[in-house]
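What TrEMBL lists as transmembrane segment is 60-80, 92-113, 133-154, 166-186, 206-230, 242-264, 284-304.
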Amino acid sequence: PWQSPSVLESKNSLDLMDILGNLSYDATSYEDSNETLPDYDAAPCHNEYCPLFQRVAPTFLAVTCAAATLGTAALLVALAKRPHAWGWPQSRALVAQLAVGMGLFAALLPPVAVGIGQGWRLGTGLCSLTHLLWHWSLFAQGLLVASGSCSIAWCRWDPRSRRLAVAVWAGALLLATPVALASGTVASPVTSCVRRSVAILSPAYLLHLSFCLCLFLRRPAGLLVATLAVPRLRAGWQPGVGVSWLFFGLWLPYGVGLGVDFLLRARLLQPTCGTFEHFDYVLGLGEGLGVLHCCLGPAALLAARLR
């Protein structure tokens, strides 16, 4: 019979928190405990996620980066060529900042792809910096979408909107800081740059998890309720707003997966053999879906402008 599931803490399991090659175990937890790591290679519990991830992720990220680069370039050209074609709610100032956020996110995909395929050789400092920039772009886009969905502040580029832009990007950087403190490198058969190289209950990781859940779950839920409850917001619903919500729609499954992942690792839910074998795939697909926002977003914004 398979051994009692401390299953999600197996060295055979890649936690897709990151399409950044994150290992789904705390690198320090075994050093600080007297537990013997169970042999999960013994039948019938097998997790085959690691080798599949290392084969598929680099190609997926490379293709996504290429598509995102082309889409973002086309979006920037459209912004420059026809500056007056962008009206509320997809104002030029808002779309330009979203393009910057998606471009920053896409620019990080090549080193991540190489790191997954060949091992992370850039050191812990650059690993933390990569996570910081990755999440800075995500939080900035989330805040921009949220502010653009329920405010007319982006209708024109004036001192008010410029102050809002500074607040959004500074706030996003602040929200992304905990992940830099929680991330690092882990020595394994292939060195990996991981998002959680600290204990699951460490303050840095708990802050990072809270911010992610607020961005991916609480914020879209709050905006949806507000839109349905406030006639003024509901009356102002236009295709451009719906396109901006594509960001939340793509990242929602991953946000749910992060919440369940925490409950399993904190032992608030009892993991099973099936969980051990399949949950990494679910979390991986969720993050893979979210990553697609950087190539689908520009196409959706261009399509909305052409309508």
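Just so it is clear, glycine is given a Cβ too, placed from its N, Cα and C backbone atoms.
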| request: For the transmembrane segment (92-113), name the stretch out of 166-186, 206-230, 242-264, 284-304 with the most CB-CB pairs under 8 Å. | output: 284-304
| task | May I ask for the residues of the chain that lie six or more residues beyond the transmembrane segment (206-230) and have a Cβ under 8 Å from a Cβ within it? | result | 135, 138-139, 142, 146, 149-150, 175-176, 178-179, 182, 195, 237, 245, 248-249, 251-252, 254-256, 258-259, 262
| What else in the chain is close to the transmembrane segment (60-80), if you only count residues 6 or more beyond its ends and a Cβ gap under 8 Å? | 19, 86, 92, 95-96, 99, 102-103, 105-106, 109-110, 112-113, 116, 288, 291-292, 294-299, 301-302, 305
| said: Which sequence-distant residues neighbour the transmembrane segment (242-264)? Criterion: at least 6 residues beyond either end, Cβ under 8 Å. | reply: 8, 15, 17, 89-90, 98, 138, 141-142, 145, 148-149, 200, 209, 212-213, 215-217, 219-220, 223, 271, 275, 279, 282-283, 285-287, 289-290, 292-293, 296-297, 300-301, 303-304
